[in-house]
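As written in TrEMBL, here are the features:
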- K120: active site, N6-AMP-lysine intermediate (ACT_SITE)
- D36, A37, D38, Y39, D40, S85, L86, E118, R141, E178, K295, K319: NAD(+) binding site (BINDING)
- C413, C416, C437: Zn(2+) binding site (BINDING)
- 595-678: domain 'BRCT' (DOMAIN)
Amino acid sequence: MSQPDPSVLEEIGQLRVALNDANYRYYALDEPTLTDADYDRQLQRLQQLESEYPDQVVPDSPTQRVGSAPTEGFPEVAHAIPMLSLDNAFSRDDIVAFAQRVAERLECQVDDIEFSCEPKLDGAAVSLVYEQGVLVIGATRGDGRTGEGITSNLRTLRSVPLKLVGDELPALVEVRGEVIMRHSGFEALNERAREEGSKVFANPRNAAAGSLRQLDPRITATRPLEFHAYQAARLEPDLGDTTHSALMQRLSKLGFRTSTELTTMRGPEAVADYCDQLGAKRDQLGYDIDGVVIKVNDLRHQRELGFVARAPRWAVAFKFPAQEEVTTLNDVEFQVGRTGAITPVARLEPVTVAGVTVSNATLHNADEIIRLGVMIGDTVAIRRAGDVIPQVVRVDEEKRPADARAITFPDHCPVCGSDIERLEGEAVARCSGGLYCAAQRKEALKHFASRKALDIDGLGEKLIEQLVDQEWVKTPADLFHLSVEQLKSLPRMGEKSATNLVNALEKAKQTTLARFIYALGIREVGEATAANVANHFGTLQALQDADQAALEAVNDVGPIVAKHIHTFFRQPHNLETLQVLIEAGITWQESEVTQGPTPLEGQTWVLTGAMESMTRDEGKARLQALGAKVAGSVSKKTTCLVAGEAAGSKLTKAEQLGVEVIDEATFIDRLTAWERSE
Ligand code: IVH
């Protein structure tokens, strides 16, 4: 046996350190440091060197084990049968070579071997043990021999049966599979994290693994996780199934979700075609897969083939191109969303990620920029998968050039120039331009025209989009200058609808101060707050002049809302827009300023059923103007329930709880009396 060169020994040592470290970060910390492609490349190189110099193989080499030791916090679970890994195939040739190895051992023709193919799910591997049909243990893979007991967490997944289905249940079943998070759930979870300023996950696999390792199962329960079964590690007594595919059907009957993509076929060419087809469909699945697991279908053949050190001989993982690649961050631009949220967007040196050219990726928010520690000029890892927005997942600080620049968050909106607000404790920075900001124009107009705002009949979403796209309407004030002539030239708009719309606009000009304030779309100023503010200040001018302290004196207005209102009225553009709206003819009855506490302050009312003399919204507005809160459901805290015609379950509940119930006539009497006494 030849003694390796010192440089080879050094390379082996370096690869082991790098791979062990990557393993630890990937499995134990859920914080990957290498791209999958890099990891696979380095592992393959180590495998190659170890096969050239078998004397150098040591038991703790990354080629000899899977994952790393479990971290503290969960009980250890020893796997009765080790949870192994799979060898990889990267090409058609690799698939053919695998089939040939199998055929040689089984002494048969490659084209006679039946394979079962299914997606290689990219999530977290877990094992579930059922005794007499009841789930007793759920565990992570850990290092393959010992995992972490996360039974309470796994019990929170609806796709994990707590009890198996059927009459004749095996005494012992151990099912293995993958816990995944779909793209939709992942995006929603990250969106929530962004809003709350908590950590965003780099990919659905990390989100799944991180969610499973929560010490509080109640947190796991809120995460959109799914368990997909792909193996029966133990089944006692054996139910007589002779193939993997039959066993999967059995698992499905016992209550498990198994792959809908599972297909059986003969010969390596058919397998390779399946891999191509699934690869083409990969982006449409709605969840991450990183390849195809190809298994010899016949269970007797599987037993005959057995295992080598870390993987079975009867299976191989065909790996798709990695969804992470490395490139340079050329610049960062700031985009303004439809609600004014400012999102930093990475402009990248174009790079092909899983077959698609990526030149932009999201950096989510200011906190994420700090968490990543990223600078302009940095070498960054980019990830794209299916419908998930490409994102920057890591920075290689060692490759940072001398002229790297820090990313500075703007103070002013890149679209309209208004101040950008970022409140303490909030992760999102927002443009305060509201009605004025072109990026927010369509949303702002929809809100302005909505039922609880100016209630412009016939001005729906579609029409607003057309008006903005035609550039006829830039600010809400422009709405009031639209003519019948102009409108009827729009597709699907006749003379009659155009006239109706112009009339509706005319009618909407006569409004209330509360509706007008609500229509402005100031952040966190809903209809109740708008009513309170209108009631408190009486005039738009008084509201405009109010300082923060004066705003905080309003019922239900805290420091955050006060700051939003204050900032809104400090933007010259907003004042201009207000001016133009008033010039366009919007008017309201100026009301008297309410002094001191309002008569219904501290009370909570609920309205149910239909009333004859007013709509529920009107009743609600009048109650709010008197200082009451109006809730949607009855509880112990409800002061009074107004029951209109055909009141249902709310009435029953109020009666059960002994809450006062009044009819419409009594309600109107009381309202009028209170309104007079104010
Ligand atoms: S079968 C003896 N089937 O891939 C091992 N594994 O590298 C049998 N995986 O961590 C595994 N999808 O969690 C199998 N359909 C599938 C799979 C799958 C994902 C994971 C598995 C393991 C890794 C193996």
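Note that Cβ sites are derived from N, Cα and C of the backbone, with glycine treated the same way.
Everything TrEMBL records as a feature, shown here on the structure.
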| residue | record | DSSP class |
| --- | --- | --- |
| D36 | NAD(+) binding site | helix |
| L86 | NAD(+) binding site | coil |
| K120 | active site, N6-AMP-lysine intermediate | strand |
| R141 | NAD(+) binding site | coil |
| K295 | NAD(+) binding site | strand |
| C413 | Zn(2+) binding site | coil |
| C437 | Zn(2+) binding site | coil |
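Local packing around the Cβ, expressed as the count of other Cβ atoms within 10 angstroms, is greatest for C413 among the binding-site residues C413, C416, C437. The residues of the domain 'BRCT' (595-678), classed with DSSP into helix (H, G, I), strand (E, B) and coil, number 33 helix, 17 strand, 34 coil. Straight-line distance linking the Cα atoms of C413 (Zn(2+) binding site) and L86 (NAD(+) binding site), rounded to a whole number, equals 51 Å. The most densely surrounded of the binding-site residues D36, D38, D40 is D36 (count of other Cβ atoms within 10 A of its Cβ).
Taking a C-beta cut-off of under 8 angstroms and a sequence separation of 6 or more, the residue listed as 'active site, N6-AMP-lysine intermediate' has the following same-chain neighbours: I289, D290, G291, V292, V293, A317, F318, K319. Checking the recorded positions D40, K120, C416, C437 against ligand 1, the ones whose Cβ sits under 6 Å from it are K120. For K295 (NAD(+) binding site), applying a Cβ distance below 8 Å and a minimum sequence separation of six or more within one chain yields F115, S116, C117, E118, H244, Q302, W314, A315. Ranking the binding-site residues L86, R141 by C-beta neighbours within 10 Å puts R141 at the top. Cα separation, C437 (Zn(2+) binding site) to D36 (NAD(+) binding site), rounded: 42 Å. A Cβ within 8 Å of the Cβ centre of C413, C416, C437, the residues given for Zn(2+), is found for these other residues of the same chain: V336, G340, P414, V415, G417, S418, C431, G433, Y436, A438, A439, Q440, H573. Distance between Cα atoms for D36 (NAD(+) binding site) and C416 (Zn(2+) binding site): 42 Å, as a whole number. Calculated from their C-alpha atoms, the gap between R141 (NAD(+) binding site) and C416 (Zn(2+) binding site) amounts to 52 Å.
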